[in-house]
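Visitor: Structure provided below as structure tokens; questions to follow.
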Amino acid sequence: MSKHPEQHAKKALGQHFLRDHSAIRRIAHAVPEGANAIEIGPGPGAITESLLARVGKLCVIEMDDRFAEHWQGVADENPVLSVVHGDVMQELDTTVSSLKPEWIAGNLPYNLSGPLTAKLAGFPLSGGMVLMYQREVAERIAADPGSKVYGGLSVLVRHFYDVKRLLTLPPGAFSPPPKVHSAVILLTAHGRIPACDYKILQKTVRQGFAHRRKTISNNFRGSISAEQFEVIGIDPRKRPEQIDYDSWVKMAIFLAEKQGQ
Ligand code: SAM
């Protein structure tokens, strides 16, 4: 196998390299042996090496030229691996639709957490995803209704997946150490067919959480009346953080029908 490139970390690309062996093992072992997987941001390859030893096929998406070129060199010798050299936000849709992975893994660049998770949660993979975040973001993703940190992402990830926090890691598990703790989220496909389209749910959640402190009736003023809330069985005086996934879906279906979608 070719040598790793120089491991100087680029702050702008959110590079904090994982060096905790037990965490690396747990992340890689969340992906079943023989699976067809994508890894986002392999960097110098802490997780990549372990994944390569398990999976049937692995595609890595990396923006940093040093790492992308290194992994391309490995891929030239190993047919299990393929490389997409570019920005995951631009490349993910086409990579997922052409490779049809069962699993996605990654120690995600922290600056992309929100938009990248909203994108990831919309892919109905047959297996799941194992993703590392700053702890605070992981807490938001795994939060249940009623929690102060429950928000749009907590709703969206439940569309296709069951959510679980797998482990929490201190800054010292990385080089260079980030300022905050990190946590790994495991999303496992629940296999239920959602009652509405993901894009419509996403739009509904965006509108419904626009003002966290307002009631949903206020957030949907002009779109869903108090009477219409009663008809779909949702208390319009509730705040968005009190609304569970099933109720978000009811609102999404109502809005879609109203718009003739
Ligand atoms: N997987 C390695 C590990 O765990 O040690 C590196 C993780 S590091 C937190 C994030 C990785 O994502 C880096 O390799 C970085 O270059 C890459 N990255 C950052 N922004 C990216 C983007 N927009 N598209 C693709 N890769 C990106």
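Glycine too: its Cβ is placed from the backbone N, Cα and C atoms.
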Visitor: Which one, N78, N107, is listed by TrEMBL in the same S-adenosyl-L-methionine site as H16, L18, G41, E62, D87?
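Guide: Among the candidates, TrEMBL records only N107 at this S-adenosyl-L-methionine site.
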Visitor: When the number of other CB atoms within 10 A of each residue's CB is tallied over all shown chains, which of the binding-site residues E62, D87 has the maximum?
Guide: E62
Visitor: For H16 (S-adenosyl-L-methionine binding site), which of the three DSSP-derived states applies: helix, strand, or coil?
Guide: coil
Visitor: Just counting, how many other CB atoms are there within 10 A of the CB of N107 (S-adenosyl-L-methionine binding site)?
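Guide: Counting Cβ neighbours of N107 (S-adenosyl-L-methionine binding site) within 10 Å gives 28.
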Visitor: Near the Cβ of H16 (S-adenosyl-L-methionine binding site), how many other Cβ atoms are there if near means within 10 Å?
Guide: 22
Visitor: For the binding-site residues listed here (L18, G41), which one has the lowest count of neighbouring CB atoms within 10 Å of its own CB?
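Guide: Result for the binding-site residues L18, G41: minimum number of other Cβ atoms within 10 Å at L18.
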